[in-house]
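Worksheet: one structure, shown below.
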Amino acid sequence: MSLPLFLLTLLASAALSVAEIRSTQTRSDARPLILLDEFGFTHRGQLELNVSHLSLSGSTPDPPELSKVGFFLCTIDAWAHVLQQIEDAQINCVLGSDAIKRVFTFDQLPSPAAAAFNFSYAESSADQYTLIFANCLPQLKVSMNVRSAMYNLEGGRSNRRDYLSAGKTILPRVYFLLSLIYFIMAALWINVLYKKRSTVFGIHFFMLAVVLLKTLNLLCEAEDKSYIKRTGSAHGWDVLFYIFSFLKGITLFSLIVLIGTGWSFLKPYLQDKEKKVLMIVIPLQVIANIAQVVIDETGPFGQDWIAWKQVFLLVDVICCCAVLFPIVWSIKNLREAAKTDGKAAVNLMKLTLFRQYYIVVICYIYFTRVVVYALETITSYKYFWTSVVAGELATLAFYIFTGYKFRPEVHNPYFVIDDEEEEAAAEQLKLEDEFEL
């Protein structure tokens with residue numbers, strides 16, 4: 001795959017990263033294209049570029065054609081046009097295309113020996129742009145420190161800077177509202193545990209911990225995005241966000257495993273194979289969170305960004321598959337027990353909640369991993385927040401379903417069934433026995 005085609009693929013598949021003030025260092029880098037950052041501009045977009053410790057080396061013509069080295073902005077659609085121009089031999093350097101927005105080329109340096117420069121660029125055409133450094137001189141090696149700040153100016157007299165990409169500027173309010181919803185859920189759950197304290201199991205306190213961690217995770221993410229929106233930096237809130245995101249991820253996957261095994265409701269212990277699932281899920285969640293931190297902090301311009309992205313996706317898929325095994329094992333054990341135990345067979349057939357939960361977990365995983373990603377891909381950058389809301393609403397629905405189905409009751413939730421269902425279960429068991437005979 002050629003480099004231009006590879007870059008187009010990267011631009012199309014890269015998730016929209018949090019747009020903040022970025023600092024990038026390159027040392028003796030001869031790459032023809034370096035992806036730096038991406039941002040959704042409104043009609044009042046601004047780019048500030050600060051380059052320091054600039055030095056050029058390598059065997060180049062004297063004087064070198066510095067107009068072929070510099071920074072430019074480009075959209076995905078425009079890049080497809082650039083590729084076509086290169087293929088048709090209309091241009092031999094991306095900086096010569098009329099489809100891009102040239103920001104700064106090195107022939108604009110105050111002097112050939114200049115080691116630093118600052119440049120501001122205004123963009124009035126609203127769109128999703130990627131900031132790219134191009135070097136069309138194969139023998140030229142570039143060393144520099146690049147600090148890029150992209151933002152939109154808010155309307156009115158204030159002209160305040162908004163460092164969040166268009167389509168993400170509403171996210172601080174979204175996350176804060178969701179954190180309030182989860183806080184209310186946690187308060188209601190505490191009230192339920194107090195009123196039904198005689199029928200509370202250990203799993204109910206574990207569910208409370210999951211909701212509280214989700215609340216703190218959303219609150220920190222709201223503050224994280226809020227500070228980035230105003231200043232371009234998270235001011236340490238990203239650290240707290242990563243911590244609570246890590247704890248929330250581990251506890252949520254552990255909760256799915258524990259409920260799937262019937263722990264605390266049906267048995268006070270876990271079998272060895274069920275413990276092994278937890279021992280697999282927890283370290284994988286550690287790896288997934290490390291990968292997520294690297295992905296978020298480096299952005300798609302990082303040389304190892306694609307590798308970490310693949311690691312995250314692989315680990316996430318493995319975790320999602322692993323948590324389903326305990327539920328499948330429980331269903332299998334119940335079916336086997338139903339065939340060997342006379343009167344108890346009808347009672348065991350009542351445990352349809354395992355099957356319900358299995359289906360709900362699969363739907364939750366599919367929606368948050370596949371459907372949400374599809375929304376990110378097909379929706380305009382202006383409506384990126386819709387995919388975030390969709391994913392969070394799916395998660396909220398999953399939490400509510402889990403809490404409602406496994407709330408403290410006088411009876412065991414796994415054994416809840418009405419007379420009609422009991423007769424149907426008995427009839428189904430009878431038919432299965434006749435079929436086997």
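From the backbone N, Cα and C atoms, a Cβ is placed for every residue, glycine too.
Annotated in TrEMBL:
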DOMAIN    25-152  domain 'CAND6/7 N-terminal'
DOMAIN    172-412  domain 'GOST seven transmembrane'
SIGNAL    1-19  signal peptide
TRANSMEM  174-194  transmembrane segment
TRANSMEM  201-219  transmembrane segment
TRANSMEM  239-265  transmembrane segment
TRANSMEM  277-295  transmembrane segment
TRANSMEM  307-329  transmembrane segment
TRANSMEM  357-375  transmembrane segment
TRANSMEM  381-401  transmembrane segment
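Counting same-chain residues at least six beyond the ends of the transmembrane segment (174-194), those with a Cβ under 8 angstroms from any Cβ of the stretch are 200, 204-205, 207-208, 211-212, 214-216, 218-219, 221-222, 225-226, 385, 388-389, 392, 396, 399-400, 403, 407-408. Helix first, then strand, then coil: DSSP counts for the domain 'CAND6/7 N-terminal' (25-152) stand at 21 helix, 66 strand, 41 coil. Most Cβ pairs within less than 8 Å of the transmembrane segment (357-375), among stretches 239-265, 277-295, 307-329, 381-401, belong to 381-401. Mean pLDDT of the predicted structure over the domain 'CAND6/7 N-terminal' (25-152): 89.
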